[in-house]
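This report refers to the structure that appears directly beneath it.
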2 protein chains.
Amino acid sequence: MNAGMLEELTAQVISILESNDHPKLGTYTNSMRPYDRGMVFEELSDLKQKRAFVESLEISSLAELLRYLSPEEQAIAISFIDQAILGKVLDEMPNDDLAEMLDVLQQDQAAALVNVMSKEEAQIVQDIMTYPAESAGRLMTNRHVWIYPDMTVHESIEKLREYAKVFDTIHYLYVVNEEHKILGAASFRDLLLADAADSIEKIMSKNPITVQSFVDQEEVARLIEQYDLIAMPVVNEANKLLGIITVDDVIDVLIQEATEDIERLSGSGKEITFKTKPVVAFAKRLPWLVLLLLIGLVSGTIISRFEETLATVVALAFFMPMIAGMTGNTGTQSLAVVVRGLTTNRIDKKTVSKLIIRESLVGVMIGVSCGILIAFIAFFWQGSITLGFIVGLSLLITLVFGTLAGTIIPLILHKFNVDPAIASGPLITTLNDILSLLIYFGIATSLIARFPL
Amino acid sequence: MNAGMLEELTAQVISILESNDHPKLGTYTNSMRPYDRGMVFEELSDLKQKRAFVESLEISSLAELLRYLSPEEQAIAISFIDQAILGKVLDEMPNDDLAEMLDVLQQDQAAALVNVMSKEEAQIVQDIMTYPAESAGRLMTNRHVWIYPDMTVHESIEKLREYAKVFDTIHYLYVVNEEHKILGAASFRDLLLADAADSIEKIMSKNPITVQSFVDQEEVARLIEQYDLIAMPVVNEANKLLGIITVDDVIDVLIQEATEDIERLSGSGKEITFKTKPVVAFAKRLPWLVLLLLIGLVSGTIISRFEETLATVVALAFFMPMIAGMTGNTGTQSLAVVVRGLTTNRIDKKTVSKLIIRESLVGVMIGVSCGILIAFIAFFWQGSITLGFIVGLSLLITLVFGTLAGTIIPLILHKFNVDPAIASGPLITTLNDILSLLIYFGIATSLIARFPL
């Protein structure tokens, strides 16, 4: 849905709201697509209209509505839901979405909601919330159908039919033993192709791909992507089936992880979207910039140490921004390759050493090419062989180091499980600035002393 | 699957290959998971082993194998497939994967493959290849089941059962009229909950979300994500059903688009992964770096114009890298927000003007904060009010311009459909370098003339 369609849809809802035709409103709002319903609710600017919109919705529509709202809008919608039905609405929400919602609410608000829920659902949600953030356990829902291997295809379809009334989406049937350990899975296709009297044991696929509850969500996304799955069972250490993760959650994970990678590379604040308010965006971006400013001053002190060299050959300053910039550029390139690689590859020693060797070679090749190029340019521009040599040699060395810094720093942070947001592009660029100035002025000072320009 | 598991699996296959036990080999390789089979094939280093591996596979396993291989490995595998069955293998591949494969092969190779295929399949694949790159038409497969609205649920299930024998995955049934225009869709859940004698017209959902064949793949991914779909019908202008796009293709699109965004931001060459060879990575990265080097020289000529100012106050050089760096940093932050926003938002005038106003405000707030901070630092460090003022004012102005450049440049490129890869982070950084030096030395020269240090 694009902005134009949303405006149109919202206008239509507003006109029905203003007509005060309650039956018409209910028919309309309850038959909307869940995503559209959420977007229109967020778009309504008048709180009275939001209230009337919420009051027109049935329990199942309300449960869907909450899934598609941002945390702030969820709080508004909840405040308009009749207390008498709130518990039922929450019980009907998929428990992964519910856990996500409770997670961002303030503790007392979350507790109040848990209180109105059925005890069983409340327990399930609280269990989910004990799993670490961004783990498979957090993404899973208990809305899956399990069967036993000695059931027939006909019996399984009957069970499925029962559950279909309650669950929106059912992708696979999971086969478990009496201890609820997972034995296999059967798809609709398997059921369709089998005879009604066949036993499940005969038609199920054995050894389904499973994931343990504590595994990182990126690993889950990788498995679903690699094996083209629509849902994936989550198990505990004893292989007991705990729940399933569906592909729509994985899509959200992929988008979230890509956004995180980009925030990391750019040093932009977390979660700045087109909708973020100026002051919030400012507050999120400033800390990084102040840190980079202070680190950037280090380059100033380095230059001040070489003040004498610089005063002797002012032309050295001409090449300063280019050398610093190029070192940052090659570092950023390497960083991007590593950051992206970390999300799509499992990292082991072999991979890491191959990567470092590769990037060293690339760094040397880039350094030699660019170094020779700039040496000639500097010589023809300033007419000094010494200056050409200083600039070329400096660029060669800084490009090799810059490339390696962009490769090794994120790998080290990854190894020590440090939040890789620290290895942002701007930080690498700023560190490479400092490194390149040290190398440049170091080489210049020692060479000028011996071969004056 | 991680590197360790892959090594283990490959070792197992090699030991069976070496045992020369053909029946055992066939049983093992044909029952592997498709993704695992592809990875193991790529891992085998001996061409004789690759040949034996391919020869052990049945037609359907071969069709799956090709889907999971890189272009180079596909060419190797195809060369080992018996010419007598090659046509059947290709006919059995989903036609979107087949089109992708043919697309990267050399023309004569692709033509040779098309020749051995059945005429019908060849026509379908050639049709798909006429759609523009990265469009919905390219992603779609014709492996979907359509039914008519006057069919009963029982008849539909019978039709589905027939198709399930041929198709791996069946998610929805699409309801069409005699002209093959799409009328609705029915899920398995709808079929399960209905009576066998119900007509499809009664149970289908009307107005399913569809996408036109020429629409960009990012838009397809957005719709599947927003509406939590597993498959989506592709139609032509007359609403005639052409094929479907499945969620696994959308996952690949999301990964590809995120990678492109990151390549864009970092100015790293296209498609450099952990496996890319050093010379290839070098060749992909160098053009950008040489371009940036040449642009970077502009900053050198700017400084050379202000040589006199710099010779008078060498301390100006101390703050040069910091000011240039900070301008680049804020520009990169804005760029990241815009690039990411472009993939998740539809862009209209309202959105753009709101965004530019927001970023202007953020730029001013950042500029004022950092400008005041650095003015004090410069004053206390160098003991000159004039220098503090010059540095503070320059940083304020360059940060405002830098923020706006990082916002507006990618938006303009997007507007004119220029490949946004041009608006890379390093380019914005390099342009901001030049801008910031002009502003810094401009302010310094005019102020120092009036208020000597």
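Each position is counted from 1, following the chain as shown.
Glycine is no exception: its Cβ is also placed from the backbone N, Cα and C atoms.
Bear in mind that TrEMBL entries carry predicted annotations, made automatically and left uncurated.
As annotated by TrEMBL, domain 'CBS' applies to A:140-202 (among others). Mapped onto DSSP helix, strand and coil, the domain 'CBS' (A:140-202) counts 21 helix, 18 strand, 24 coil.
Among the features that TrEMBL reports, domain 'CBS' is placed at A:204-260 (among others).
The feature transmembrane segment is assigned by TrEMBL to A:286-304 (among others).
Beyond its flanks by at least six residues, the transmembrane segment (A:310-339) meets 261, 264-265, 299, 303, 355, 359, 362-363, 366, 370, 374, 378, 382, 384, 387, 390-391, 394-395, 398-399, 401-407, 409-411, 420, 423, 425, 428-433, 435-437, 440-441, 444, 448, 453 of its own chain at Cβ-Cβ distances under 8 Å. What TrEMBL lists as transmembrane segment is A:310-339 (among others).
Residues or ranges marked as transmembrane segment in TrEMBL: A:360-381 (among others). Same-chain residues lying 6 or more positions outside the transmembrane segment (A:360-381) and placing a CB less than 8 Å from one of its CB atoms are 319, 322, 326, 330, 334, 387-393, 395-404.
Within the chain carrying the transmembrane segment (A:387-413), a Cβ under 8 angstroms from the stretch's Cβ atoms is held by residues 313, 315-316, 319, 323, 326-335, 337-339, 342, 347, 352, 355-356, 359-360, 362-364, 366-368, 370-372, 374-379, 419-420, 422-423, 428, 431-432, 435-436, 439-440, 443-444, 447-448, 453, all 6 or more beyond its ends. According to TrEMBL, the feature transmembrane segment maps to A:387-413 (among others).
For A:434-451 (among others), the entry in TrEMBL reads transmembrane segment.
Within the chain, the transmembrane segment (A:434-451) has long-range Cβ neighbours (under 8 A, six or more residues past its boundaries) at 295, 298-299, 302-303, 305-306, 309-310, 312-313, 316, 319-320, 323-324, 326-327, 386, 389-390, 393-394, 397-398, 401-402, 405.
For the domain 'CBS' (A:204-260), residue counts in helix, strand and coil come to 24 helix, 17 strand, 16 coil, using DSSP.
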